[in-house]
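Structure, as structure tokens:
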There are 2 protein chains.
Amino acid sequence: MSGPTEHFDRSQHGHLVIVGGHEDRENSKQILSRFVQLCGGAQATIAVITAASRVPDVMWERYDTVFRDIGVREVVRVDLPDRATANDADLAARVRACDGIWMTGGDQKRLLAMIGGTLLDEAMHRALKESGACIGGTSAGASAMCGHMLADGKADLLPEKGSVSLGAGLGFVQRVVIDQHFSERHRLARLLTVVAQNPYLLGIGIDEDTALVVERGVGIEVIGAGSVTVVDGRTMISNVADIPAGGTPQLIDVRLHLLPTGSSFALPEEIHHPHQLPPDATRDTPAALTDFVRNVTKRNPLS
Amino acid sequence: MSGPTEHFDRSQHGHLVIVGGHEDRENSKQILSRFVQLCGGAQATIAVITAASRVPDVMWERYDTVFRDIGVREVVRVDLPDRATANDADLAARVRACDGIWMTGGDQKRLLAMIGGTLLDEAMHRALKESGACIGGTSAGASAMCGHMLADGKADLLPEKGSVSLGAGLGFVQRVVIDQHFSERHRLARLLTVVAQNPYLLGIGIDEDTALVVERGVGIEVIGAGSVTVVDGRTMISNVADIPAGGTPQLIDVRLHLLPTGSSFALPEEIHHPHQLPPDATRDTPAALTDFVRNVTKRNPLS
């Protein structure tokens, strides 16, 4: 490694690059370049998992092209014609050895049906947690990162009890739920539905061409064109348990945070340590955001 | 007066019916019927102010028809060809004597340019505050009710510094800003812009065919098809003062309340008193909402 990543001991950390879909692949390629940088740069070996998509060939070509444009020499196709392949020990070992793993868009339910609980799933966690690999995902690949994954949901004008369903995701981050294409598809109401019914989870909405970059144990950063919205319902007062399905819940005292591109927050104990996040960005983490930052950067153990 | 309003001493209170536009005028007419009821029912004299609209004849016919459908016998057209007419003492005296005053949609800037600071404006305040008349307004007529009126603003995907401008409104409610067509036109970002730049104001977003009914000094109720969203930025941490115009502000710890139809809250000291709000609805006002209810129900004096 060279350049800005020189001082960085990747094995101590591991990053997540959680992208709200439609990241730029033609012009600045800001988000994908950052992903590559966090994988270790041109020398990195990056695996591309296309299993969320029904057009995996298109997805493979798309990301093989752009990662090579950025200068990556080793881009590895993880072809998953079926779930059995995701339990292939050789394939899992190859992914375990990668510096970066990218999950394309498609349908997060399809992705989880293919890889959830497989050797490949375990290999991804080991790469992140034991070797400090970088895990990136866009759209469906972003939603799939949580333990509690937004599986289906209407994006109506108002929150609606029973209109959203969760599934078991890959669990790189816990106690959050991630939605993507957030502002563009007006998904606040659906994220509020999730949080109303599951106040245990913090809601994260990521805009298109926008990424929440997580440095495990250290802090977070928002990059790209849009913003990240955080919805915290822990102190909320709601009647959601008492209303019928289809009703709009009353929600009082939901905490909302809007983190535009350029926002970055370190854990309070990490603020004065050298690390990857830009030193010129805001470093003080307001108390209202500390739990969120702690949560999303938590070094969850291998399960 | 008869029926459900029998026990009600209208002179003690005065109501506001603040409607988010497109209230039903064909079927249940729930909101307009409630407005008429709060004016005193069929015996009431209701003035219709069409000055917000560039098609006042259409507006007059629309509301004359629907109020008569509901059973009102005296509907008074307030025709304002120019601002001088709004300073006509006879016209002001006639409006002062009305039981209800309705403001149609159109452009709130036009409405204020025509009546702001005139004898008609004063007559409306006297009718409300001295005689307990009911003031209703829809769309532009709703926005015009605040002291700080949302005059212009882009409804973009994200808040944008400098994209919203306020003007001086009629001031029936103070320390709030009201937006309408709220969920339908995805106006949360623009309301957040207002609150980010003006945290002194609580933001109120009212959906179409939805009304915030205010009983001065007593409490509030939400009726109709949608919800009322309240945005409270008083404890917010924001960089809005430091970013350039056009930038997206970082907003941390905005309090958001979603009040669907059927929500009602009384001031704590009014909870056990008899009043107009439905006795079967939620009466406890959570602490997080108390300031909002106190604010919006405040019996502001004649200025």
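The backbone N, Cα and C atoms fix where each Cβ goes, glycine too.
Non-local neighbourhood of B:Ser139 (active site, charge relay system): B:Val19, B:Gly20, B:Gly21, B:His22, B:Ala52, B:Thr104, B:Gly105, B:Gly106, B:Gln180, B:His181, each in the same chain, at least six residues away, with C-beta under 8 Å from its C-beta. Annotated active site, charge relay system per TrEMBL: B:Ser139 (among others), in sequence order.
In the three-state DSSP reading, B:His181 (active site, charge relay system) counts as coil. Its Cβ placed at the centre, B:His181 (active site, charge relay system) has 21 other Cβ atoms within 10 Å. Feature annotation from TrEMBL assigns active site, charge relay system to B:His181 (among others).
Residues or ranges marked as active site, charge relay system in TrEMBL: B:Glu208 (among others). Following the DSSP three-state reduction, the secondary structure of B:Glu208 (active site, charge relay system) is coil. Close to B:Glu208 (active site, charge relay system) in the fold, though at least 6 residues off in sequence, lie B:Gly20, B:Gly21, B:His22, B:Glu23, B:Gln180, B:His181, B:Phe182, B:Ser183, B:Glu184, B:Ala225, B:Gly226, each with a CB less than 8 Å from its CB.
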